[in-house]
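Student: Let me give you the structure first, and then I'll get to my questions.
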């Protein structure tokens with residue numbers, strides 16, 4: 001079921017900026033987004049970038065010690081969100097980076113919010129082409145342990161996430 005909610009151009013631009021890893025100056029790399037949250041506009045007609053809810057690559061190691069833990073803390077406990085997380089992980093063979101689409105629908109969110117977000121998920125996923133990994137979570141227990149994300153990225157082959165061993 002489609003909800004009629006549109007995806008704003010800003011969301012698509014952020015996604016394309018995160019997806020394309022072109023050679024950049026160190027200053028440009030620091031400004032790349034590591035994680036972002038998307039929410040519904042106040043009139044519930046558009047999916048937009050949530051202001052102030054992002055982690056920049058340049059923040060990691062400076063103001064952000066563990067980007068994954070910081071990201072989990074950004075998720076609201078009483079409302080739904082969509083998120084993009086640029087995961088850096090290691091398998092037994094190599095180091096990898098992949099974008100993960102996350103649908104956050106906590107149990108404490110209002111039913112109407114859960115319904116709108118659930119029915120709009122396909123609209124945003126169609127615009128974010130090339131996403132290999134998706135995670136849906138309904139409580140902090142499901143996301144606070146980095147093993148849940150590692151499982152989505154490659155299961156037992158993943159040995160570390162964000163430089164932290166599993």
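Cβ coordinates come from backbone N, Cα and C, glycine included.
Small disclaimer: the values here were computed from a predicted structure and weren't measured.
Look at Swiss-Prot and you will find 132 tagged as SUMO2 cross-link. Marked as domain 'ADF-H' by Swiss-Prot: 4-153. Taken from Swiss-Prot, the feature N-acetylalanine applies to 2. Per Swiss-Prot, the feature phosphoserine maps to 3, 8, 41, 156. Taken from Swiss-Prot, the feature N6-acetyllysine covers 13, 73, 144. Marked as phosphothreonine by Swiss-Prot: 25, 63. Summarising the annotation, Swiss-Prot assigns phosphotyrosine to 68, 140 (among others). Annotation source Swiss-Prot lists motif 'Nuclear localization signal' at 30-34, citing sequence analysis.
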Student: If one measures from the C-alpha of residue 25 (phosphothreonine) to the C-alpha of residue 140 (phosphotyrosine), what distance in angstrom results, rounded to a whole number?
Tutor: 36
Student: Given the recorded positions 63, 68, 132, 140, 144, find the one whose Cα is closest in space to the Cα of residue 8 (phosphoserine).
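Tutor: Spatially nearest to residue 8 (phosphoserine) by Cα position is 132.
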Student: For the motif 'Nuclear localization signal' (30-34), DSSP counts of helix, strand and coil?
Tutor: 2 helix, 2 strand, 1 coil
Student: Listing them in sequence order, which of the modified residues 13, 41, 63, 68, 73, 156 have their Cα within 10 Å of that of residue 140 (phosphotyrosine)?
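Tutor: Cα within 10 Å of residue 140 (phosphotyrosine): 73.
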Student: May I ask which of the recorded positions 13, 41, 132, 144, 156 is closest to residue 68 (phosphotyrosine) if we compare their C-alpha atoms?
Tutor: 144
Student: Going by C-alpha positions, which of the modified residues (63, 73, 144, 156) is nearest residue 41 (phosphoserine)?
Tutor: 73
Student: Kindly assign residue 132 (SUMO2 cross-link) to one of the three DSSP-derived states: helix, strand or coil.
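Tutor: Its secondary structure by DSSP: coil.
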Student: Closest of the recorded positions to residue 13 (N6-acetyllysine), Cα to Cα, picking from 63, 73, 132, 144, 156?
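Tutor: Closest candidate to residue 13 (N6-acetyllysine), judged by Cα separation, is 132.
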Student: For residue 63 (phosphothreonine) and residue 156 (phosphoserine), what Cα-Cα distance in Å is obtained after rounding to a whole number?
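Tutor: Roughly 31 Å, rounded to the nearest whole number.
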Student: Round to the nearest Å and give the CA-to-CA distance linking residue 144 (N6-acetyllysine) with residue 132 (SUMO2 cross-link).
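Tutor: Computed Cα spacing between residue 144 (N6-acetyllysine) and residue 132 (SUMO2 cross-link) is 21 Å.
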Student: For residue 156 (phosphoserine), which of the three DSSP-derived states applies: helix, strand, or coil?
Tutor: helix
